[in-house]
Amino acid sequence: ACGNKEKNNASSSAPASDTPSASASASSDGSSSVESLKGKKIALVMRFNTGTFSAQYVDGVKKQVAKYGGEVTVLASDNDLSKMAANLDSAVNQKFDGILVDHGDLAALTNGLNNAKAAGIPIVAFDSGLNSIEGITNLAQNDQQLAEFTLEKLAEEAGGKGNIVKVWVAGFPPMESRQISYKAFIEKYPEIKEIAAFGDASNPQLDTQNKLEAVLKQHPKKGDITAVWAAWDEFAKGAANAIKQAGRDEIKVYGIDLSDEDLKMIQDPTSPWVASAAVDPTSIGTVQVRFLYQKFNGDATPPEVQLEPVFVHRDALPKDKVITTADLSQYVPGWGSSDLGNTEYLKELETSVGAK
Amino acid sequence: MSKISKSFAGVPALKGVDFNVRGGEIHALLGANGAGKSTLMKILSGAYETDEGNIEAGGVSHAFRSPSDSKAAGIHCVYQEVDTSLVAHLTVSENIFLDNLASPKGKAWLSWGKLHDEASAVLERLGLHISPRTLVRDLTLSEKQLVLIARLSAQKAKFVILDEPTAPLSLEETEKLFGIMQGLKSDGIGVIFISHRLPEVLRISDRITVMRDGERVLTVRKEEIDSQGIVKAMLGRSFEEEFPKLQADIGKPVLTVARLEAGKRVRGVDLEVRQGEIVAVVGLVGAGKTELSRALFGADPIDRGTVAVNGKSAKLASPAEAVRAGIALVPEERRKEGIFVRESVLHNLSVPVLRAISRLGILSGKRERELANRQISDLGIKTSSATQQTAFLSGGNQQKVAIGKWLETDADVFVFDEPTKGVDVGAKRDIFRIIGTLAQQGKGILYLTCEFDEALGLADRILVMCDGSIVKSFNRGEATHEDLLKFASAVREELA
Amino acid sequence: MRKHLLPFSFKYGALLFIGLVILFFSLYNQYFFTYSNLTDILRSISIVTFVAIGVTISLLVDGFDLSVSATVSLSTVITASLMVWYEMPLVVVLIVPIAVGALIGLINSLLIVKIRIPDLLATLSVMYLVNGIHKNYTAGYSVYSHMPMPDGSTAPGEMSKAFLWIGQGKLLGIPFPVVLMVVAVAAVHVFFKYTRWGRQMIMTGGNEEAARLSGVKVKKIRMYAYVASGIFASIGGILFASRIGSGQIDAGAPMLMESVAAVFVGYSVFAAGRPNIIGTFFGAILMGVLVNGLTMMNVKYYQTDIVKGLVLIVALAVTFIHLNRRKA
Amino acid sequence: MRKHLLPFSFKYGALLFIGLVILFFSLYNQYFFTYSNLTDILRSISIVTFVAIGVTISLLVDGFDLSVSATVSLSTVITASLMVWYEMPLVVVLIVPIAVGALIGLINSLLIVKIRIPDLLATLSVMYLVNGIHKNYTAGYSVYSHMPMPDGSTAPGEMSKAFLWIGQGKLLGIPFPVVLMVVAVAAVHVFFKYTRWGRQMIMTGGNEEAARLSGVKVKKIRMYAYVASGIFASIGGILFASRIGSGQIDAGAPMLMESVAAVFVGYSVFAAGRPNIIGTFFGAILMGVLVNGLTMMNVKYYQTDIVKGLVLIVALAVTFIHLNRRKA
Ligand SMILES: Nc1ncnc2c1ncn2[C@@H]1O[C@H](COP(=O)(O)OP(=O)(O)OP(=O)(O)O)[C@@H](O)[C@H]1O
Ligand SMILES: Nc1ncnc2c1ncn2[C@@H]1O[C@H](COP(=O)(O)OP(=O)(O)OP(=O)(O)O)[C@@H](O)[C@H]1O
Ligand SMILES: [Mg+2]
Ligand SMILES: [Mg+2]
């Protein structure tokens, strides 16, 4: 999935708003320091580990580290924060050279992170809200913006009015952020009404399918329901299935987060799922690794890096062939091609490792 | 106890029973199966609550709501079902002092050393050789019964109830128990003793109460009655011929066992059973009869030796193979092994013959019902209908069900292991009639029992088993009760 | 005969309750009691019902199969991968997961019957094992048509139309999974009520030792029960894949608790107080009706669990109060 | 006496195995056998151990408490909410969830002892109910310091330092949860081995009828056992909240299976073949060591499940082959 990272799409450099250091620090360190960057052992401490999104993210991390000649150990936590804290402690004990954190939690990890800092282990986190701890670079996917993108598109395509179904569940930080946008959206468009809301994280796809079927039966007339907004792609898959199988093709589905699997469904012209917003999971991994290597190199890295979400609509996708997220950058500007965090010496490192 | 009544699910088990015991007497409580003896005693010991009636002890009226209430009043009980009162995976010591541990007044902290010492003392006083640290699950049935008696004697009781304590005990052990009972009596303790063995009842007890159908029929001093009178009172009629023996022609051998060894208790058994022949195997408890029957039925693995049915050598790796070879077993522990208490009589009776009443695997409900109704009327099973749940039948009728299920298989050999254990005289006679009929049909019968009189009355041949092998064979009429006892205990004494 | 005196209200109480629930939802929402919604409900419970049949069978021989959820997950990804990765014909796609389900049942029964590990312990261990295997098989990815493979290529196959029809198609206007489910329930019910082997299973569950001493091959019987349980769970997995059109990781995880809930509600049906297939079916229906109806009422998602719990408690309480009163 | 002849290898086989596993990991990775890693392992199992103690107690009276995971979840969010929403003092923060845990135990025992619903059925229903209640209580949200409230305001309180110390602090260089865990294991062990009430529970579990006939108030005893189970689960929940510094929704969900696995491995310790507290503790240690060690070996997360399953199977198989050989 990372095969075309080099195809540096010019339009994608814009998002890195507050990271001047990313390119600035690409000063000409000698190749000896490039040598010293090889053979790093890196721990990836994750909270979730199922689903295609996570799998692609892990893939991104692994491939990028491999390009730098390092090795990754994944410490997965089954969505259990106490296990995640234990995993972080264990990573510190094992004296990894660097630690990547995925979907962490400030309260749960503060202790472990302080230990890591004390042990001099650099940390880069993704979507963890660790900004209050000094010295950690936080990558953040702007969840509110993700939600806004899809909701605005929904409003636009619906003409600012209609009945919608929300599939959402609380209890997860990204979900709760997305809810904030949703609330604002409902206030902004008084003519858009929520007629049903449900969601179950433990059985996302089938449960959504079954429950949406009930809602469809409750509103049997075409036009009763304008759209379904799914705050998570796992919900969107179930929603799309239910609508498709019920033959209610007038209802559109808008989702958030995009994996290869989802892309397939969005491309399918018979699928009601028309749009999603996401940050490419693979490039999240890639960028996170780059910043970690900047830290290895002793660069001053910014405390916060915003990963700008990309909006993917079916209209932008090719009709004649099936693509994967790896090819998506050709059609959707800003996707998968982020050169964020890259530096000259890192490129050098890549070629040096690749040469062997 | 006065005017005690108790019903189970609307069916009366006790109807206004009056009963009293005095301190320092042994009072026998007799009655046919299901007469309500155990139920009455369970009410006295607080295991059941009475529906009506009143209990007085030491002049004070009590409402026993739980076993601890009646224990507080000094009433202790050894229940008929031994395993219900023991905790298998705990030590003998703990089982002996279970009541103390259970009592809210006991010590909060447990000293294991002291507990074992005290248990040793109790066991020694009774002359029992059981290690207090053994787990009860590793004991034999009679040892378990003795542990319960030890528990009793560790208590300061005013009244003691023994519900069929002698059923699993050997003669020696029974003697030991009687010694203990006499001791209790001379300490001024009132003993209630339930047994189906009339001779021992007549020997040990001071007064006798007979119950029938949930009512008290009579209470007399021992001297005022003989065993005939008791039987008459129990059944409501006289019981002329105790063991009716039907004559049958004896034919070819159907079961031939040679040098059979299985487990620790069957050590080289040779025997032969012929068509129409009733062969009794007698022996004391622990002689290995049950193990022999289980080995013959494939229920336990056979270590060495051969078994042939109708001259054909039979491979007995499982009961299913034994059934195919033509052997049927009526096991000793009926509720655990013989019947399905939660299922209907109908389903119980058809288990071994499901193949016969089905075609291509589909059961014929009609044939199943016909079969059941036939057995119910032939064997005189007392049940409200074939669909009655077996749990609600009395013990004797449950035993008839356990026998009845085999009658329509084409078994050639029937093995009965203590089929009359805990069965009243009426049901016993029915069972003997069934066995006699089977013999007349040319079946071979192997009848294992520790009741020598039954063997003497019923069998064509009697084999005496001792410590895992057959030590003597008698033809009908050759042996007396004493002969059997001599051989049954001989080897054991030699070894000792 | 007690049985005939059994108060009507107890014997048919559970059914009455289901009826009342349906009536309530029908009055509340005009669209609830429509042919298409009712068939939707039945379709929505079809997967759980298959799993629950397996659980019922294991309970009937006095065991308990906790590994069913893992079997569903494994069967789902195997089914999908056979089409997507290997482009196998439909027969193979259907037979292989069923064989795998049977194999899991065999492993369970080996542990339980041969090594004599208690049922709960054995099937829990197998649950862990199979859960690990299914994730390992796909390296944590879900399986879907033309998915990208780890080596960068694209998977050659896709979920076949014929296969998807199993979960999504209709036969004479009835969703096919519903047809399958009803046939399965009827067949299993007949099996237990009218066949020799079914009766032997029930007797084995009632008293294993007595069954053995009656000549029933109890080890085999228990083995068959676990194999059947594995097979029904794997059919559940196949239906799952065909219903959602892909093989999701951990798809079966919620199935254990849901199917067990259906089975336990089933204890109340006809006041049986024990596992029974018809009860299980009605248990699944009740759960399906509740989810559908409560969704239509727009009850918050976190409140449906409370309702489910209360319904279970009430159903069981009524049944057991009654059964125990009868016994005492 | 059989017991003394018990082959050493069986009685101590499980402990030996744990020792070997630790040795293996120590040789494989220099960081494994360090003080800080070993205490981390112990800390990581402390929550599961508390829950597992509760499960063990319920199994000891021959029951089974499936509701523990739901109790953990509820206790976690209640604990967090008491601080975050209501700014309660520490005592209240600790007492209320424990009282709630006891209440759940009471409900369980009411259903089991009074209404005589079989344990699995009753506690499963309660699991659904409590799961629903805990989500309802927070409207599905997780609870964290100064969280935004539904009405738009910000929650006044935060997780207090003193409270967080319970889960994250150290006493004499030992993580405090480890101290708590060891004290709890020792206390419960002593309770069962040397006190009258403990023995009464074991009697009740061994043979309820015998215990009743000896005058044990078995209903009360079973009630206490379920209350204890609820309390230990709720302590697990409190530790959870204090370890992660917030009250997560569904935090307890994975706890049931994990604690049950620890308890079941514990059956093998000392070849007991039954639930026992020391065994449970070692079971939890083994699971913790495996997860930690396998992660250090960079085994894929989905492969640790396979290893867990295999270890469970082997431990149980060895124990039960041995126990059954002894019996036969
Ligand atoms: N728990 C019970 N539930 C239902 N019926 C019972 C129960 N216990 C006893 N009965 C019935 O009550 C009647 C009296 O039984 P009980 O056990 O008191 O007889 P018994 O005189 O002790 O007989 P036995 O000589 O066989 O021990 C029997 O009909 C029996 O079936
Ligand atoms: N430890 C035990 N606990 C419970 N029951 C036992 C135990 N040991 C033996 N039994 C049962 O007690 C009965 C006595 O068996 P045992 O082998 O001692 O002698 P036996 O020759 O079969 O005597 P009998 O048939 O006269 O009782 C059998 O039914 C056996 O299954
Ligand atoms: Mg009796
Ligand atoms: Mg015997």
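Backbone N, Cα and C atoms are what each Cβ position is placed from, and that goes for glycine too.
Straight from TrEMBL, the features:
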type	residues	note
TRANSMEM	C:12-29	transmembrane segment
TRANSMEM	C:41-61	transmembrane segment
TRANSMEM	C:68-86	transmembrane segment
TRANSMEM	C:92-113	transmembrane segment
TRANSMEM	C:120-137	transmembrane segment
TRANSMEM	C:171-192	transmembrane segment
TRANSMEM	C:223-245	transmembrane segment
TRANSMEM	C:251-270	transmembrane segment
TRANSMEM	C:277-294	transmembrane segment
TRANSMEM	C:306-323	transmembrane segment
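Long-range contacts of the transmembrane segment (C:306-323) within the same chain, counting only residues at least 6 positions beyond its ends with a Cβ under 8 Å from a Cβ of the stretch, are 10, 13-14, 17, 261, 264-265, 267-268, 271-273, 286-287, 290, 294, 299.
Remote same-chain partners of the transmembrane segment (C:171-192), defined as residues 6 or more beyond its termini with a Cβ less than 8 Å from a stretch Cβ, comprise 39-40, 42-43, 45-47, 49-50, 53, 57, 60, 165, 198-199, 201-202, 232, 235, 239, 243, 276-278, 280-281.
Long-range contacts of the transmembrane segment (C:277-294) within its own chain (CB-CB distance under 8 A, at least 6 residues past either end) are made by residues 14-15, 17-18, 21-22, 24-25, 28-29, 32, 37, 40-42, 44-45, 48-49, 52-53, 55-56, 185, 188-189, 192, 258-259, 261-270, 303-304, 307-308, 311.
The largest share of C-beta pairs under 8 angstroms with the transmembrane segment (C:41-61) comes from C:251-270, of the ranges C:12-29, C:68-86, C:92-113, C:120-137, C:251-270. Distant neighbours of the transmembrane segment (C:12-29): 265, 268-271, 279, 282, 285-286, 289-290, 292-293, 296-297, 315, 318-319; these residues of the same chain sit at least 6 beyond its ends, with a Cβ under 8 Å from one of its Cβ atoms. The list of residues near the transmembrane segment (C:251-270) in space but at least 6 beyond its ends in sequence, with Cβ under 8 angstroms from a Cβ of it, reads 11-15, 45, 47-49, 51-52, 54-56, 59, 66, 68-77, 233, 236-237, 240-241, 244, 276-284, 286-287, 308, 311-312, 315-316, 318-319. The transmembrane segment (C:223-245) shares the most Cβ pairs under 8 Å with C:92-113, out of the stretches C:68-86, C:92-113, C:120-137. Same-chain residues lying 6 or more positions outside the transmembrane segment (C:120-137) and placing a CB less than 8 Å from one of its CB atoms are 58, 63-67, 69-71, 73-74, 77-78, 81, 104, 107-108, 111-112, 249-250.
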